[in-house]
Amino acid sequence: MATSLGSNTYNRQNWEDADFPILCQTCLGENPYIRMTKEKYGKECKICARPFTVFRWCPGTRMRFKKTEVCQTCSKMKNVCQTCLLDLEFGLPIQVRDTGLSVKDEVPKSDVNKEYYTQNMEREIANTDGTRPVGQLGKAPSSSDMLLKLARTTPYYKRNRPHICSFWVKGECKRGEECPYRHEKPTDPDDPLADQNIKDRYYGINDPVADKLLKRASTMPRLDPPDDKSITTLYIGGLGDTVTDGDLKSHFYQFGEIRTITIVQRQQCAFIQFATRQSAEMAAEKSFNKLIINGRRLTVKWGRSQAARGKEGIKDGISEMGTRLDPVPGLPGALPPPPALDEEAPANYFNLDPITSPAVMNIALPPPPGINPPPPGFGPPMFHPMSHMAPPMPPPMSMRPPGQIHYPSQDPQRMGAHAAHGSRQGE
């Protein structure tokens with residue numbers, strides 16, 4: 001039975017009448033010129049079951065029509081979109097956001113308690129400007145490092161695509177390209193992401209998408225303490241111009257006594273040295289991927305000892321402060337490492353072929369015509385001494401028997417020897 005427009009019942013007063021929906025940028029679409037249909041009290045909210053104003057629109061070309069699913073009161077209580085039920089600030093499911101902000105859901109699920117809770121929340125919303133969330137969410141911290149890492153920064157318009165055509169899956173679709181649905185292979189029906197309940201998503205329980213994101217967050221890298229127990233210094237990066245030493249001291253003094261705080265303004269970083277190693281480890285554990293000061297997410301790393309700093313001050317073109325260094329033009333490249341030398345192998349200084357016989361390599365050229373070969377023991381040998389074909393070498397001068405010493409100038413076969421001998425006899 002329809003209710004008359006003039007009736008002023010209690011339930012009629014709680015019905016919602018809105019002029020514009022609360023939507024995220026993805027659901028609104030990329031088209032700046034959009035037309036919506038507005039149906040006053042068209043559907044009941046899927047959370048509180050009260051009638052509300054339904055908006056319906058098409059977010060873009062070849063996209064499916066979308067409509068609001070929950071009322072604006074339920075949307076404001078959780079700070080979510082009326083259509084996709086994702087957080088308006090981070091674009092994440094409610095379960096992930098509440099876990100990151102350590103917020104406990106207190107929305108009742110029974111009809112009577114839900115109605116009473118909704119009335120109190122509407123009264124609280126009416127006393128605010130509507131730009132900030134209310135309830136436990138309004139008292140929670142503004143952000144966390146996990147949410148900043150998982151947050152979606154750009155719209156995901158692919159989420160607005162049409163559903164898969166069931167007739168095409170069975171091979172019975174006759175529309176062809178005019179079919180408004182997608183002609184694609186459906187996903188695995190056993191996939192947990194294919195089974196989602198809007199109430200579970202709103203209350204933050206049994207959400208498969210949230211479980212997937214939380215598992216991804218649990219595998220994020222950790223900051224392990226160095227093996228050198230003398231290191232008690234933490235590196236803080238990304239300070240900017242708004243973070244001062246007083247801000248750093250007010251955050252890190254809770255972990256233990258601070259010895260020094262050194263800020264390098266040019267590199268926008270700071271070095272905090274603690275008095276004990278235990279205080280430094282506690283500060284690194286509590287601040288890694290969680291440190292946000294003055295709205296800026298800061299990087300926390302362990303400092304390095306002086307010996308390691310001298311060896312690894314500049315590595316792969318990155319300086320100690322984390323800034324990338326430009327290569328100097330005109331400098332030669334790095335030399336390749338020398339090959340490993342075998343201690344037993346002989347040194348080959350002239351790059352000779354090792355398979356070549358040394359007897360062949362040491363063969364001397366024959367003398368030119370008209371010149372007699374040198375006497376034995378003088379001049380280069382014709383064969384290698386170790387060869388079996390080579391004649392025996394004469395003994396050295398110190399081991400020869402006493403007698404007349406033979407000089408090359410006394411060789412009778414030497415050129416000019418007869419002439420010189422005759423001239424001496426004439427004298």
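Note that Cβ sites are derived from N, Cα and C of the backbone, with glycine treated the same way.
TrEMBL labels come from automatic prediction, so no person has curated them.
What TrEMBL records for 159-186 is domain 'C3H1-type'. For 232-305, the entry in TrEMBL reads domain 'RRM'. Here TrEMBL flags 395-427 as region 'Disordered'. Marked as zinc finger by TrEMBL: 159-186.
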Summary of DSSP states over the zinc finger (159-186), given as helix, strand and coil counts: 9 helix, 2 strand, 17 coil
For the domain 'RRM' (232-305), the number of residues DSSP places in helix, strand and coil: 22 helix, 26 strand, 26 coil
Confidence summary (mean pLDDT) of the domain 'C3H1-type' (159-186): 91
